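If you check TrEMBL, you get these features:
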COMPBIAS  625-637  compositional bias 'Basic residues'
REGION    611-648  region 'Disordered'
TRANSMEM  19-40  transmembrane segment
TRANSMEM  192-212  transmembrane segment
TRANSMEM  218-243  transmembrane segment
TRANSMEM  264-290  transmembrane segment
TRANSMEM  310-339  transmembrane segment
TRANSMEM  380-404  transmembrane segment
TRANSMEM  424-450  transmembrane segment
TRANSMEM  514-547  transmembrane segment
TRANSMEM  553-574  transmembrane segment
Amino acid sequence: CSSDGSHHGPTKDRGCTDILFLLLFILFWVGMVVVGSMALDRGQPERLLYGTDSYGNLCSKQNNDVSDGEPWRDMRGKSKLFFGNPFVPDKLQVCVSACPTEFSKNTGLTRADVECRVNTTDDSTNYFTATWLRGCVTDDNCPCYIRYPSFELLNRCIPGPEFDNETRSEIANSEAGETVREMLGDVINAKYIILACAGGALLLSFIWLIMLRCCGGFMVWTTVVLTVMAMIAVTALFIVYAGRAKETYDERKAEGTETTRLRANYMTLYVLGGLGGLIVFIAFLALLFMRTEINRAIEIVKEAARTLGHIPMLVFFPIFVVIVLAGFLAYWVVVMIYLATAGDPVFTRVGLLDNEPPRLLEYKADNTLRQLQAYHVFGGLWTVNLLLAFNEMVIAGAVAHHYFREGTSHILRFPLLAAVWQTMRYHLGTLAFGSLIIAIVQFIRLVLIFVQKRLEAANNRVADFIFACLHYAFLCLERFLRFISRNAYIITAIRGSSFCSSARTAFHLLTSNALSLLALTFVSNFLILLGKIVVVAITGLVGLVWLKTRDDLQYYAIPLILIIFAAYAISALFTTVFEMTIDTIFLCYCIDLDEYDGRYMSPSLRAFTDAHAPPRKSSNSGSRSRSRSRTRSRSRSPRPAYEQRSHH
């Protein structure tokens, strides 16, 4: 499983990492398949689709089984579930062929005019007296129930107004129905405008990258300066108004009037002015101290924008991951539905009428079924996190390849495909390890939420407080682990090291460059947020103007909302890739500067680094030290490794 010389990556010798966790993931998925097959065998999703009556009979099914000594009934042709008592729906449920649309008549009732329990064979007219039936509903002792107006919803008869065919026709042809049809028609008529605006949002995202390369520094520093000026203006206003309030206070005090409120007013304004001045002073010192780091962050963001311009297919790779993720989630939901409907029925004979079969109380899951559900939930968390990690490592691998190979004859034409191959061949174990850690923390959070819900009935405030603290503690832990894992994947993509080694290296690099990381976080978050706003605003404005030129559209607000949603989704997808590119460039830059003396930087990044590098001592010992350092850098350098392989 080691490299055979055809591998294209920043490290010459690369082998499979964390293979034990890959085997563990494969074994776990064997269990997932077993759980899925058991769920398909025991589950009854028809219970959710059609429902069951009060005696366990599944509506629309033949029900050949026997429960508690009583044969189940043939309910074929009766696919609707009718609630005998609409005020207490769980009292009696009956399978019917169609939902009633009107009340049972008041006089002359027959068996055909009411809904009766199973095994009700007495045709006594006493059961079919409307007054008697209405009176026994509250006692839940009626063998039969009168019908009431209802409408069908998900094969359930929901109590409602009388919906006869004439009323249904009127509603279908009403103004509201016509409005809905017109809205849907407008979406269809404007489909090409919606698609064109979505494409325009993607084009705007690439244009935004070009703008970042040209004037990213100007945008950042202009915003910073304007923010500081606004803070100074607000502070000055506090002080000016405090002075005026003080003058008013002195005048009223000389007159001998009440001044308590005036004194509190001007003192508060003075305090706010003083705090504002302190904040401005701290901000000024921070900017003065951090100006180099902010400029460095701007250069790294520009480098990330240039990298995405050279590898534009990176933007589309998450779409593939989303498709795979959607397919897995569809499978996961189906299996979960089967597991949720695989419980055994529990019956009772307490409080029943004569000749009445046992009532269904609930479907109860045994311990084995609960364990299977927990297993399936954990498998879902693990798999989702692994797919997201795969997306991150592939992007990191392609960006790292571009950083260390740009400008050489060894740069690949398809670095994205090379990164996919590198990740799948060597590092699925590392992804399984990192995603397992995050999945464990997420599963613990779910267990805490489940236990807290069970304890809500006790109304124990101390327990609620403890569980809330535990929940937020594990939430913070999850975010920290996700941050470390994300950077560990980048190091693995660069060096081919295991998860623990990569996490340790990433943590060391990030803590050693904490100020640069802080500045980069501020700059990148600001530019990404600004980019989203610009892309969505311009796309929405163009869409609005374009839609208003179409006279055939009645409600252009709905297509406009779809345009804005599409623009935001595209910009969010774009910025997700951009964020990962920035993080990868930053760690590549740190490694390059720390180990290779910056020999792989782009000309612009190298020029900035050289201009802001600390002065070096000119002692002989320092010269010898630098000579040894450069010798080590050449021996560990990724680029000569590429050249050696190219000759083979």
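For all residues, glycine too, the Cβ spot is worked out from N, Cα and C.
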Contact call for the transmembrane segment (310-339) against the transmembrane segment (380-404), three or more Cβ pairs under 8 Å: yes
Interface-richest range of 19-40, 192-212, 424-450, 553-574 toward the transmembrane segment (380-404), CB pairs under 8 Å: 424-450
Tertiary contacts of the transmembrane segment (514-547) (same chain, 6+ residues out, Cβ under 8 Å): 190, 193-194, 197, 200-201, 204-205, 208, 212, 216, 219-220, 223, 290, 293-294, 296-298, 300-301, 553, 556, 559-560, 563-564, 566-568, 570-572, 575, 578-579, 582, 586, 590
Winner by Cβ pairs under 8 Å against the transmembrane segment (553-574), considering only 19-40, 192-212, 264-290, 424-450: 192-212
Selection from 192-212, 218-243, 264-290, 424-450, the stretch that has most Cβ pairs under 8 A to the transmembrane segment (19-40): 424-450
Positions on the same chain near the transmembrane segment (192-212), where near means CB under 8 A and six or more residues out: 219, 301-302, 305, 308-309, 312, 315, 527, 531, 534-536, 538-539, 542-543, 546-547, 550, 559, 562-563, 566-567, 570-571, 574, 578
